[in-house]
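Have a look at the structure below, then the notes.
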Amino acid sequence: MTITFITGNQHKVKEAQGIFHQFNIQVEHIDLGYPEIQGELIDVARFGAEDAARRLGRPVIVEDAGLFIKALNWFPGTYSAYVQDTLGNQGILKLMNNVKDRYAEFRSVIGFATPKTEPETFLGVVGGQIAHQEKGKHGFAYDPLFIPEGHSLSFGELTREEKNEFSHRRQSLENFAQWYKDFISK
Ligand code: ITT
Ligand code: NA
């Protein structure tokens with residue numbers, strides 16, 4: 001089976017292909033663009049999926065993700081894309097200068113919709129620590145800053161396959177894939 005993934009982010013597509021492979025789901029990537037309302041991940045994903053499914057006339061998934069840092073009141077959170085493009089990782093490290101509690105979460109919400117049905121959402125979360133400097137050249141965006149719980153290497157130091165084993169995206173896509181198998185067979 002196939003699912004259409006609407007995103008402007010090639011890294012997400014590659015990760016999704018790796019994760020969906022073991023569920024026998026093929027990914028078709030379309031960079032359609034969709035209105036990203038400002039709000040909670042779940043609302044952005046729901047609204048984006050519904051809009052894209054209607055315009056494209058077929059079932060789609062979209063994803064809204066972000067890095068949520070506890071000591072910064074969960075900033076950048078829903079502002080993650082804007083903050084990555086402006087402050088960048090060095091800006092985040094400045095904000096975290098001398099901050100002891102370095103707990104953070106990556107969160108991913110997959111939105112699924114068809115032209116006719118109400119959207120569904122699927123959550124994935126991974127906890128970890130903000131590193132004291134950028135580490136590693138793998139991955140993208142915030143990956144060199146994030147050391148997942150129980151590991152000493154950052155997402156930037158893990159291969160795509162290693163990150164895919166337990167990332168926020170792994171969990172949200174797996175939750176979706178399990179649900180989708182039933183949905184398709186109905
Ligand atoms: P879309 O077209 O799918 O929206 P995007 O890159 O804008 O792609 P998001 O809004 O979901 O994606 O992501 C918000 C920000 O968080 C953005 O700067 C991403 O690059 C970054 N981000 C998302 N997932 C990440 C991950 O797994 N590792 C590192 N950074 C990530
Ligand atoms: Na986005």
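In case you wondered, yes, glycine gets a Cβ from its N, Cα and C as well.
These come from TrEMBL:
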type	residues	note
BINDING	T7, G8, N9, Q10, H11, K12, A65, F140, A141, Y142, D143, K163, H168, R169	substrate binding site
BINDING	E36, D64	Mg(2+) binding site
ACT_SITE	D64	active site, proton acceptor
Should one count Cβ atoms within 10 Å of each candidate's Cβ, the binding-site residues E36, D64, D143 would be headed by D64
Between the C-alpha atoms of D64 (Mg(2+) binding site) and H168 (substrate binding site), the distance in angstrom, to the nearest integer, is 11
Residue with minimal Cβ packing [other Cβ atoms within 10 Å] among the binding-site residues T7, N9: N9
How would DSSP class D64 (Mg(2+) binding site) in three states? strand
Give me the Cα-Cα distance between H168 (substrate binding site) and E36 (Mg(2+) binding site), rounded to a whole Å. 20
Cα-Cα, whole number of Å: D143 (substrate binding site) versus E36 (Mg(2+) binding site)? 22
Between N9 (substrate binding site) and E36 (Mg(2+) binding site), what is the CA-CA distance rounded to a whole number of Å? 14
Coarse DSSP state, helix versus strand versus coil, of H168 (substrate binding site): helix
Translate the DSSP assignment of E36 (Mg(2+) binding site) into the three-state scheme. coil
